[in-house]
Amino acid sequence: MKIYLFRHGQTVYNADGERFCGTSDVGLTALGWQQARRAARLIRGVRPAAIIHSGLRRSLETATAIRESLEGAEDCPLVAHEGFREVGFGAWEGLTRAEVNRLYPELYAEWLAHPEEVRIPGGDNLYERQQEAVDAFLDVVARYREGDLVIVAHNTLNRLLILGLLGLDARHYRRIVQENACLNILEYREEEGVRLHALNRVPERDE
């Protein structure tokens, strides 16, 4: 089966620069809606068994835009799965990197050097979220094994998930880029696991 893994479109936090969003429930900008609709063109002809989203507004709105733009997908169910929510950044959410550096200089320096070893106050640990994301992935592919899937998730979560599915350590997540409304294509076979077919595709570059 094929899994079409998207990142959500642009939000106000993304448009505002280097701001930590995490589990903050912000929606798409007008540009974000446009990006999501354009992203659907990358899977033209796909008939997913379900479109999975994280339950956060930006993920749901992107999933909705993709369904509306995908021919023949009007009746495709939109299904929330909390396992795909973004990594929580706790006390840092809503702050820019400069603000975090000013308020938490030592912790921020440690996070830059070894993010997998740091737990931000009120936030998530990368290893724990990576395992939760992999578990969520295995749950949905088992549930919808008869068809292909679309999953709409988040920047850090997608990077952790891809690494985890390929058997790679969470500490390498910054080596993967996830632009707004990008597409990653995965193939899952129960006896072989996951193969990565495409990474960080966007319509402006990859149509």
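Backbone N, Cα and C atoms are what each Cβ position is placed from, and that goes for glycine too.
Arg58 is the only one of Arg44, Arg47, Arg57, Arg58 that TrEMBL places in the substrate site (with Arg7, His8, Gly9, Gln10, Thr11, Val12, Tyr13, Asn14). Within 8 Å of the centroid defined by the CB atoms of Arg7, His8, Gly9, Gln10, Thr11, Val12, Tyr13, Asn14, Arg58, the record's substrate site, lie the Cβ atoms of Ala15, Cys21, Val26, Leu28, Thr29, Gly32, Asn180, excluding the listed residues themselves. The number of other CB atoms found within 10 A of the CB of Gly9 (substrate binding site), across every protein chain shown, is 29.
DSSP assigns Thr11 (substrate binding site) to a strand.
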